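Enquirer: Below is one structure. I have some questions about it.
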Amino acid sequence: MTASQDFVVKDLSLADWGRKELDIAETEMPGLMAAREEFGKSQPLKGARISGSLHMTIQTAVLIETLQALGAEVRWASCNIFSTQDHAAAAIAATGTPVFAIKGETLEEYWTYTDQIFQWPDGEPSNMILDDGGDATMYILIGARAEAGEDVLSNPGSEEEEVLFAQIKKRMAATPGFFTRQRDAIKGVTEETTTGVNRLYQLQKKGLLPFPAINVNDSVTKSKFDNKYGCKESLVDGIRRGTDVMMAGKVAVVCGYGDVGKGSAQSLAGAGARVKVTEVDPICALQAAMDGFEVVTLDDAASTADIIVTTTGNKDVITIDHMRKFKDMAIVGNIGHFDNEIQVAALRNLKWTNVKPQVDLIEFPDGKRIILLSEGRLLNLGNATGHPSFVMSASFTNQVLGQIELFTRTDAYKNEVYVLPKHLDEKVARLHLDKLGAKLTVLSEEQAAYIGVTPQGPFKSEHYRY
């Protein structure tokens with residue numbers, strides 16, 4: 001990046017390819033296109049300066065251009081070192097949008113690019129964050145705490161924290177007071193995924209959340225669609241592109257049976273694998289059993305599994321002791337947000353052979369090997385291209401509505417985590433029905449009164465479980 005070049009992409013010449021795919025994606029993203037139609041004239045995001053940290057894919061490019069069509073200024077980075085689609089990043093950079101994203105970033109590059117989404121040419125701060133996983137939010141909040149004199153940078157717990165803390169110190173030295181000023185300018189954050197939402201709720205519980213947040217993940221039209229149906233298509237896609245393995249007849253273990261785990265188990269079962277599930281939650285375990293999956297412990301299943309996938313959002317789900325028990329050439333991957341579900345750090349002293357980008361063969365001292373996908377990071381985005389456009393349209397329409405809500409009605413919200421109201425959730429679903437040829441039945445006034453709703457909805461209570 002030069003002084004006159006406010007972007008970092010792999011190859012700007014890929015922009016034409018990216019634009020062609022972006023044009024196709026728009027036809028599969030009716031929610032975002034409807035948002036442009038509904039809000040384009042009123043420009044509700046005029047004045048918004050959005051720092052976006054979310055996988056820089058073709059689908060995200062459509063989101064970015066939707067935010068801009070509604071009046072926002074945007075700076076963008078990917079929220080994962082492997083998830084960028086370089087042609088998508090090039091297409092966005094070619095329009096003059098500052099984007100900092102390359103497939104296969106180092107951790108140093110990743111945190112430098114995260115810093116760059118807050119560095120506006122006029123020196124003024126961002127006033128909105130659009131986040132996926134919480135890294136952009138945590139970057140600002142940890143930095144502000146360090147500026148306040150808290151000892152938060154002296155004891156990194158991982159290689160990633162070492163790099164993060166170094167980047168914070170670098171910015172503090174270059175721009176004293178930057179983090180505090182930036183934190184105080186934020187009107188709100190919209191958070192895409194389970195992991196990031198958990199971080200926000202922890203901050204709220206500790207009284208450390210300095211601005212309102214909208215939990216996009218728990219919109220029904222996100223968690224029950226993106227997390228389930230998206231994973232149902234993209235997990236097997238990532239494993240196939242990474243390994244070309246025949247999945248029919250193989251034993252696959254899915255660790256976790258939340259929404260992502262449910263979609264992942266169905267994905268593997270649909271490919272013909274014999275699927276087993278591990279769970280800590282008795283309700284989810286019972287669901288898995290009654291959906292026809294054998295519920296096991298990883299300790300018991302380790303030696304017979306051909307494919308093992310983590311979906312939990314927790315740490316140390318697959319330990320080095322588990323991996324020592326795995327079969328020769330077992331495929332190991334993760335579709336949760338961070339790389340700590342698998343103890344990848346414990347493998348670093350073993351023999352690694354890079355087969356191709358995001359596919360590594362790791363050999364144990366006894367000669368046994370495992371295939372690790374995307375170094376334990378999101379394999380559906382590292383080894384493939386993530387979820388299809390249609391399901392991401394629902395998720396990203398929620399993001400757009402959340403950004404509008406927090407930017408235009410900031411004073412209506414306390415420094416807490418909120419979920420979009422039911423009528424907006426139903427609106428997002430409604431916008432996607434025509435594309436699938438689905439037609440809604442309309443309640444009569446009498447029918448609506450009988451169940452205590454209006455013919456236009458909302459049709460379910462806030463606590464209804466879909």
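A Cβ is built for glycine as well, from the same backbone N, Cα and C atoms used for every other residue.
Pulled these features from Swiss-Prot for this protein:
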BINDING   T57, D132, E192, K222, D226  substrate binding site
BINDING   193-195, N227, 256-261, E279, N314, 335-337, N380  NAD(+) binding site
Enquirer: Which of the binding-site residues T57, D132, K222, D226 has its Cα nearest to the Cα of T195 (NAD(+) binding site)?
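Expert: For T195 (NAD(+) binding site), the closest Cα among T57, D132, K222, D226 is found at D132.
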Enquirer: Across the listed substrate-binding residues, T57, D132, E192, K222, D226, what is the farthest Cα to Cα distance, given in whole Å?
Expert: 17
Enquirer: Long-range same-chain neighbours of H337 (NAD(+) binding site), Cβ under 8 Å, sequence gap at least 6?
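Expert: In sequence order, N80, D132, G133, T193, T194, T195, G196, G313, L378 meet the Cβ cut-off.
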Enquirer: Tell me whether V260 (NAD(+) binding site) sits in a helix, a strand or coil according to DSSP.
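Expert: Its secondary structure by DSSP: helix.
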Enquirer: Among G256, G258, V260, E279, these being the binding-site residues, pick the one whose CA is nearest to that of E192 (substrate binding site).
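Expert: Nearest listed residue in space: V260.
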Enquirer: How far is it from G256 (NAD(+) binding site) to D226 (substrate binding site), counting Cα to Cα, in Å?
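Expert: The Cα atom of G256 (NAD(+) binding site) is 16 Å away from the Cα atom of D226 (substrate binding site).
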Enquirer: Going by C-alpha distance, which of the binding-site residues G258, V260, E279, I335 is nearest to T57 (substrate binding site)?
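Expert: So, of the listed binding-site residues, the one sitting closest to T57 (substrate binding site) is I335.
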Enquirer: Where does K222 (substrate binding site) sit in DSSP terms: helix, strand, or coil?
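Expert: SS state of K222 (substrate binding site) = helix.
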Enquirer: So if I draw a 10 Å sphere around the Cβ of I335 (NAD(+) binding site), how many other Cβ atoms end up inside it?
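Expert: Result for I335 (NAD(+) binding site): 32 other Cβ atoms within 10 Å.
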Enquirer: Which residue, out of the binding-site residues G256, G258, shows the minimum number of other Cβ atoms inside 10 Å of its Cβ in this structure?
Expert: G258
Enquirer: Helix, strand or coil for T195 (NAD(+) binding site)? Use DSSP.
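Expert: In three-state terms, T195 (NAD(+) binding site) counts as helix.
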Enquirer: E279 (NAD(+) binding site) to D226 (substrate binding site): how many Å between their Cα atoms?
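Expert: Here the two Cα atoms lie 21 Å apart.
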Enquirer: Is H337 (NAD(+) binding site) helix, strand or coil when read with DSSP?
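Expert: It is coil.
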Enquirer: Between V260 (NAD(+) binding site) and K222 (substrate binding site), how many Å separate their Cα atoms?
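Expert: Counting only the Cα atoms, the answer is 11 Å.
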